Amino acid sequence: MGSANNEYEFLSEIGLTSHNLGSYVAGKWQANGPLVSTLNPANNQPIAQVVEASLEDYEQGLKACEEAAKIWMQVTAPKRGDIVRQIGDALRSKLDYLGRLLSLEMGKILAEGIGEVQEVIDMCDFAVGLSRQLNGSVIPSERPNHMMLEMWNPLGIVGVITAFNFPCAVLGWNACIALVCGNCVVWKGAPTTPLITIAMTKLVAEVLEKNNLPGAIFTAMCGGAEIGEAIAKDTRIPLVSFTGSSRVGSMVQQTVNARSGKTLLELSGNNAIIVMDDADIQLAARSVLFAAVGTAGQRCTTCRRLLLHESVYDKVLEQLLTSYKQVKIGNPLEKGTLLGPLHTPESKKNFEKGIEVIKSQGGKILTGGKAVEGEGNFVEPTIIEISADAAVVKEELFAPVLYVLKFKSFGEAVAINNSVPQGLSSSIFTRNPENIFRWIGPLGSDCGIVNVNIPTNGAEIGGAFGGEKATGGGREAGSDSWKQYMRRSTCTINYGNELPLAQGINFG
C-alpha cells in the first residue's frame, strides 16, 4: 500500500489495495475520473491511490438508482430493517479494522476512530427498531362515515454529502434512516477520505448482493465539487443532506431550493461551555478538555468558547492549563495519544494564520499557539484569553483553539452564548435548578443541542442532531428525524354513501 509500512497491511482485511476504484454504481465498481492519492495526515505520505468517479459514472449510477428505488420502496419496512441489521452486523465484524482506517486516513485518535464506526452500528440498531414504528396518525373526521389518516411513503432517492471530520458517522445518521424509510442512497464521501468511503460501501454492497437486491440501492462515489454539484442539481434526488462549511452549504441550499428540492444542512458550529459559580470545577475542566481538544478541534461540536464566571475564572483556568500541558501529541494510532494531526497541510496553515489574526485583535495566548515542526499536520492545543467583542470570536477556526471569556451573571453568559451566527451546541455547568431550567427554556440557549454538566460534543444517536441559525436547521439521527426522509400524505376516506362537505358547506 503506498509504502512498505506495516502500518498499512491491515487494509487488505477490508478489501483495499494500493489502487482502488472509487465509484460503486449500478451494482459494480468502476471509475473514470482522475487518479488521486489519499494521504496520512500524520506524515503526509501516500496511503493508497483512488480513481474518482466521473460525471458519466454519476449519470450511470443515478439511472440505475432510479430503477432500484422502484423495487426497494416496495420491500416492507420490517424487511428493510432486517437488511440494515445485516449491514450493522457486517460493520461489527470489521469494527477494529474500520476504526483503524478512519484514524489513519482522517487523523483522529484510534479510540475516536473506533467510536465513530460504533456510532454507525448504533444507528443501524436504532433503524431496525424504527422500521416497525413508521407510524402515521389516525385523525377523527367531522364528517360521518369518514376516516382521516396519515400515510408516510419514501421520497425515492436521498443524496448524502459528508465531510472529512466524520467520514462515516454522518453517513450512518442519514443512510440508516433513509434506507429503512424505503429510499435509495447516493453517497459522496469527502474527497480526502476516499478509503473509508470505499471500505464502508464494500460491506453494504456485500449485504445487498447476499439478499439478491440491486446494488444500486446504495450508490457511492469518491470525488470533489463536480460530483457534489451534480447531486445538488439533480431533480431525481428530492432530498440532499450536506455536512460541511457554511460557504459551500449555502451554495448547496440555493441550488437545491432552485429546483424545489429539500435540504438537511449541518454546517459550522461556534459552541460555548458556561461554567457557573456553583459548578463542579473538576467535572467542568475534564469536560472542556475533551470538548476542545478531541478530534484536534475538528468536530462541528467542538467547544470554541469557554465562558467562566468571574469567581471561578482563575481556578478553572489553572486546572485547564495543567491538563493541556499533559496532552500527548502524536501518531493517532499510538496508545496514549490524545491529540492527532489536523487533517491537511492547509488546515495547519489556517491554524497559523488564525493565531496571527487572534493576536492582532488583542488575544493573549496562555498556552500553545504554535504549529509543531515536522512532516505531519500537528499543532499545539491552544488556550487564548480574549474579549467577547473581538470579531474573530464570532468565527469558527477548525482547530484546537479555545477562547476563554469572563462573565458576571447568568444573563450575561447566555447573551454571549447566543451572540454568534452559529447555533449548534452549548452546555452549562451548574448545580442550580433555576439556572438549568432557564438555560434549556425559551430565553436560554438558542442552539439545537443544549446540554447540562456534559461537554458540547459526543452526542448520542437517540436524539435528533442539528442546529439553528447559520448551522443550518436540519435534524439527523434519532428522535423523529425519520420524518424528513419520507413524504407525508393526509388521506380522507369516505366509506359511506353520502357526500357531506367539511365546514358544513352545502353545494347544490
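Placed from the backbone N, Cα and C atoms, the Cβ positions cover glycine too.
According to Swiss-Prot, the protein has these features:
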ACT_SITE  E266  active site, proton acceptor
ACT_SITE  C300  active site, nucleophile
BINDING   G244, S245, S246, R247, V248, G249  NAD(+) binding site
SITE      N165  site 'Transition state stabilizer'
Cβ-based isolation winner (fewest other Cβ atoms within 10 Å) among the recorded positions V248, C300: V248
Output field, NAD(+) shell: CB within 8 Å of site CB centroid, site G244, S245, S246, R247, V248, G249 dropped: F242, S250, M251, V252, L267, S268
Rounded Cα-Cα span from G244 (NAD(+) binding site) to E266 (active site, proton acceptor), Å: 7
Set of same-chain residues at least 6 away whose C-beta sits under 8 angstroms from G244 (NAD(+) binding site): I161, A163, L267
N165 (site 'Transition state stabilizer') CB neighbourhood, other CB atoms within 10 A: 24
Pairwise CA distance, C300 (active site, nucleophile) versus N165 (site 'Transition state stabilizer'), rounded so that it is a whole Å: 8
C-alpha spacing of N165 (site 'Transition state stabilizer') relative to V248 (NAD(+) binding site), in angstrom: 16
Secondary structure at V248 (NAD(+) binding site), reduced by DSSP to three states: helix
Residue with minimal Cβ packing [other Cβ atoms within 10 Å] among the recorded positions S245, S246, R247, G249, E266: R247
